[in-house]
Amino acid sequence: MSPARGRAACKTCRSRKQKCDGIRPACSRCRSLGLQCTWPTVLKRGPPKGYTKALEARLAETELVLIRLLHATNDEGLLARAFDGDTQKRAHKRFGERNTELKSSVIGEHKMLALMDHWERFPLRTADDVRQWIGEVSKTSMMQGEGTNQSNEKTRGLLRVESSSGNADYQHEDEVQSPAGAGDDMAVGDPYRDDSVDQDSIGQPPQRTESVGNMQPACETHAVQDITTSSRIELPADFKDQFLW
């Protein structure tokens, strides 16, 4: 990324009356000479030419219209209605929006020029001028309100689309992860599965089985043990003492 390039020259180049390339934070000349590169403070631009006079003229016209209306109506209730809660809220809201737009130097300058053009096209010198101005302001307010509503509707529509898309993806994922044959009658047969094998016996340790031919009654078993015990040869005592330990 190339360094930022400014319009004004640095203080060092300006004091030496030399050409400055305007590269920030340090220009090429200051870097080559090993000098500290400092820059002048950028001042905010003032209002465009003629804005102050146009603003003063517009303010005078507005005050004159207000005075004429009050003298023509001579209605105390009109002042009360003009300063009720709803009217003051709308006026303060509009004033706050305009004041916020004028805070930025660049946007404020364009806005000031637009206001000067608006004041020139809609003066407040006659009753017809005031009616036209009121109609223009009302139309602009309605267009701004419709634009805000359309923007809000578009945002809500996008949120609904994203929400429905997320639900559809979640449902599709559940369908993919679920087994294909959840029911018993819809299960697909396993070619390696023997239907004669009980599935409950899977995982249980094998049971010890004996053949029928090897099984003997308990009485015969005791008899064989007695015969084996009785058939032992009794050795003499001298032989036991000599050869047995």
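Here the Cβ of each residue, glycine as well, is placed from N, Cα and C on the backbone.
Computed from a predicted structure; not experimentally measured.
Per Swiss-Prot, the range carrying the annotation DNA-binding region out of 10-37, 94-121, 122-149 is 10-37. Per DSSP, the secondary structure of the DNA-binding region (10-37) breaks down as 12 helix, 2 strand, 14 coil.
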